[in-house]
């Protein structure tokens, strides 16, 4: 009985392996880069207006961070960016560019 079960499992495994080897990929899978899209195409798919993002919660949309432009300036300077990783953005910006 044990040998019969083992033989049936081996036959099933052989059928599965040979069935997958002969299968051809579908048209969607065969085109190169189909799994990846550009950032612009991806953002168009999930684009939604920010002001309506939290309307269903009854809370207003969050305001943009006023320090974001300064954070970007600090990120463009490799020394400021590295220091910001260690001591924080505001202190690193103050040391390189003056008061925040």
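Each residue, glycine too, has its Cβ placed from N, Cα and C.
What Swiss-Prot lists as signal peptide is 1-23, and the listing cites a curator's inference. Annotation source Swiss-Prot lists domain 'Gla' at 52-98. Per Swiss-Prot, 4-hydroxyproline is recorded for 60. Taken from Swiss-Prot, the feature Ca(2+) 1 binding site applies to 68. Sequence annotations record features per position, and here Swiss-Prot assigns 4-carboxyglutamate to 68, 72, 75 based on similarity to another entry. Look at Swiss-Prot and you will find 72, 75 tagged as Ca(2+) 2 binding site. Per Swiss-Prot, the feature disulfide bond maps to 74-80; the stated evidence is sequence analysis. Positions annotated as Ca(2+) 3 binding site by Swiss-Prot, on the basis of similarity to another entry: 75, 81.
Note: the Cα of residue 80 (disulfide bond) and the Cα of residue 68 (Ca(2+) 1 binding site) are spaced 15 Å from each other.
Within 10 Å of residue 81 (Ca(2+) 3 binding site), counting C-alpha to C-alpha distances, fall the following of the recorded positions 68, 74, 75: 74, 75. Less than 8 angstroms from the CB of residue 74 (disulfide bond) sit 80, 81, 84, 89, 92, 93, 96, 97, each of them six or more residues away in the same chain. Cβ neighbour count within 10 Å across all protein chains ranks 81 highest among the binding-site residues 72, 81.
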